C-alpha cells in the first residue's frame, strides 16, 4: 500500500517509519510512504505557505496555492483519494481503518496553524478526525492512520490472528493478557490459561472481552456480533438486550 503524505514537516515521519511494525512493513514492500513537502510547491520567493485570515482573527491560515499544486501533483499520478486530517472530519475507527486497508493508494493532507483556506476543500475527497481534541498539526493524526491501517494489510503482522483478536476488531475490547512469571507479587495468572484446554481458554477470553466491554465501553455492544451464549452471559451481568 502507498501513502502520499502532504506535510510541512516530513522529517517528523522518519522516526515512526524506522521502528517496529511500520519498519518491517516497509522492508517487506507492504508499505511505501511518499513524504511530500507542501513548502516545495509554494511560488512565494520565501516559500511561504500561510497568511493572515481575511476578516481578522488569531493565527495564520494555510494558503490555497501551495496546497492546490501539491494535491494536483498527487492526483496527476492516478485516481488517488486525498483525505484531510481535521477535527471536523469523520471519526477514525477500526472499521474505517479496515476499509482504507483495502485501497492501493491514498493521500493524507496534514494541516497546520489555524487550518486550510476553505477553497482547498474543492480538491479533497474527505476529512478524517482521530478524536475530539486539537493537535498542533495533522502529522500525528496521519501517523495514527498509517499505523492502524498498515497492521491490517495482509502479510504485515507475523501472526494475522493478532489483528482479529485485538480491541475493536469485532466491536469488543480485548481480553486480559498475561505472561511469565505465573505468580508476581502474590498475583496469579488465571488457572484456565494454564490448563491447556483451548476450548475453555477461548470461552474465558470471550467472556472477559464481553465483561470488559460492558464495564468500559457498553456503547460498543450494540454494534457487536453477539451469539446467543454471549447474550445470556451479558444478561447474567445485568445488561439488557
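Positions of Cβ are set from backbone N, Cα and C atoms, glycine also.
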One of 111, 155 listed by Swiss-Prot as binding S-adenosyl-L-methionine at the site of 130, 131, 132, 133, 134, 135: 111
Most Cβ neighbours inside 10 Å, all chains, among the binding-site residues 130, 134: 130
Binding-site residues compared (111, 131) - the one with the fewest other Cβ atoms within 10 Å: 131
